[in-house]
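Quick notes on the structure that follows.
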Amino acid sequence: MIGIIDYGMGNLRSVEKALKYVGYDAKITSDAKEIKNFEALILPGVGAFPDAIRVLIKTGMAEEIKIHIEKGKPFLGICLGMQLLFEKSFEGGKTEGLKIFKGNVVGLPKGNKIPHVGWNSLTIKKDTPFLKGIKNGDYVYFVHSYYVNGNEKDFEYAVTEYGIEIPAVIIKDNVFSCQFHPEKSGETGLKILKNFGEMIKCL
């Protein structure tokens, strides 16, 4: 069973529906005590970093997420859920994150329309089962005003261009993350969620 973490933000039902469509059972939870029961976790998200991390800490879910990851269980962060994995964000000031990955979350540079909303193509940098069946130039759906400016270049598996190169997929051990929304990315996104489900059996 895959747990979808509910902290008051994100496309929870869309993620749940997409997972079920590709054949995986999922349950939405806001109960920190329940997190340990899941084989894998997904942290989706649309919203402000400071608000999100505040809720995760207050509810005890932040600590349970860290325990889940430390145990080697599969974890997927989507959009804001990816950004929350980093050390800190400069959205609305400076806020510490979950510190799973090294680096910061910063605002997209001026020049292009902000927020970055819509379809953009992926450039695949490394092979991974997470991106099985995904090709260079495949389009996925983005909605964000901030991006990861991190120190995890060795773990970048795909990027996109929006005035600058933006990390689109970062994978480190059992932790998977994507800046785009697979649940909104049509057949390409469904393939990625199916791949994540298949990898749960292998990790």
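Keep in mind that glycine also has a Cβ here, set from the backbone N, Cα and C atoms.
Here Swiss-Prot flags 1-203 as domain 'Glutamine amidotransferase type-1'.
Here Swiss-Prot flags Cys79 as active site, nucleophile. Long-range Cβ neighbours of Cys79 (active site, nucleophile) (same chain, at least 6 residues apart, Cβ-Cβ under 8 Å): Gly10, Pro44, Gly45, Val46, Val143, His144, Cys178, Gln179, Phe180, His181.
In the three-state DSSP reading, His181 (active site) counts as coil. Residues or ranges marked as active site by Swiss-Prot: His181 (among others).
What Swiss-Prot records for Glu183 (among others) is active site, and it gives sequence analysis as the kind of evidence. When other Cβ atoms within 10 Å of the Cβ of Glu183 (active site) are tallied across all protein chains shown, the result is 26.
Taken as a whole, the domain 'Glutamine amidotransferase type-1' (1-203) shows an average pLDDT of 95 in this prediction.
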